[in-house]
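Undergrad: Have a look at this one before I ask anything.
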Amino acid sequence: MALLPVLFLVTVLLPSLPAEGKDPAFTALLTTQLQVQREIVNKHNELRKAVSPPASNMLKMEWSREVTTNAQRWANKCTLQHSDPEDRKTSTRCGENLYMSSDPTSWSSAIQSWYDEILDFVYGVGPKSPNAVVGHYTQLVWYSTYQVGCGIAYCPNQDSLKYYYVCQYCPAGNNMNRKNTPYQQGTPCAGCPDDCDKGLCTNSCQYQDLLSNCDSLKNTAGCEHELLKEKCKATCLCENKIY
């Protein structure tokens with residue numbers, strides 16, 4: 001899986017930086033708080049529902065404690081770079097978006113900045129220019145991703161970008177084979193008519209295929225084959241679900 005690009009945003013400096021990041025503006029962003037978790041999930045679902053062109057198979061996102069633990073652990077390292085994909089795995093591979101700021105910024109603003117990369121993206125074509133950064137957007141709206149967990153850290157070891165936001169996404173998006181079409185275009189919920197909640201699908205799959213030809217392997221070898229049991233769990237175990 002390709003690493004996502006990192007978004008750097010320099011915001012206006014506060015008159016003084018807090019010791020150890022204990023100021024109320026920072027602690028209000030900690031993702032141990034239910035209201036912060038709701039803000040993050042609701043913002044993601046609001047944006048996923050609003051994609052243009054509309055999506056027929058966009059899953060509704062939910063908060064994951066396991067994913068949050070991984071995201072917070074990585075944020076605490078204050079490296080300002082992506083984690084090793086192996087360190088953010090759950091039952092599936094997981095993606096990751098990063099945001100850095102010089103002062104505390106709301107989660108909604110950070111998430112919106114990732115989505116705003118849509119301005120440099122054309123559905124079905126890809127980035128508008130070779131240097132355009134769109135990987136945060138495509139991960140955020142990846143149709144089969146349904147779990148999100150985020151963490152934030154204050155990083156006094158950094159010169160200016162001292163606030164480090166990390167969101168991880170499971171299953172991972174940005175599959176190189178279909179990165180230019182992060183979802184299926186169509187009427188909302190057309191791909192999940194019996195599992196729809198306000199324009200988003202709820203029939204998620206907890207597994208992920210590790211091979212690109214699992215459908216054909218299922219037809220030729222069957223799901224009892226050891227290879228499919230290990231590498232094609234979504235195809236074999238998630239009938240009528242989105243993966």
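The backbone N, Cα and C atoms fix where each Cβ goes, glycine too.
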Undergrad: Pick from CYS196, CYS201, CYS205, CYS214: which cysteine does Swiss-Prot list as forming a disulfide with CYS238?
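TA: Checking Swiss-Prot, the candidate bonded to CYS238 through a disulfide is CYS205.
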Undergrad: Could you tell me which of CYS214, CYS223 is bonded to CYS236 by a disulfide, according to Swiss-Prot?
TA: CYS223
Undergrad: If you have Swiss-Prot open, could you say which of CYS201, CYS214 makes the disulfide with CYS232?
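TA: Between CYS232 and the options CYS201, CYS214, Swiss-Prot records the bond with CYS214.
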Undergrad: Round to a whole number and give the Cα-to-Cα distance in Å for the pair CYS201 (disulfide bond) and CYS236 (disulfide bond).
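TA: Cα-Cα, rounded: 20 Å.
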Undergrad: Between CYS236 (disulfide bond) and CYS214 (disulfide bond), what is the CA-CA distance rounded to a whole number of Å?
TA: 9
Undergrad: Could you measure between CYS238 (disulfide bond) and CYS223 (disulfide bond) for me? Cα positions, answer in whole angstrom.
TA: 12
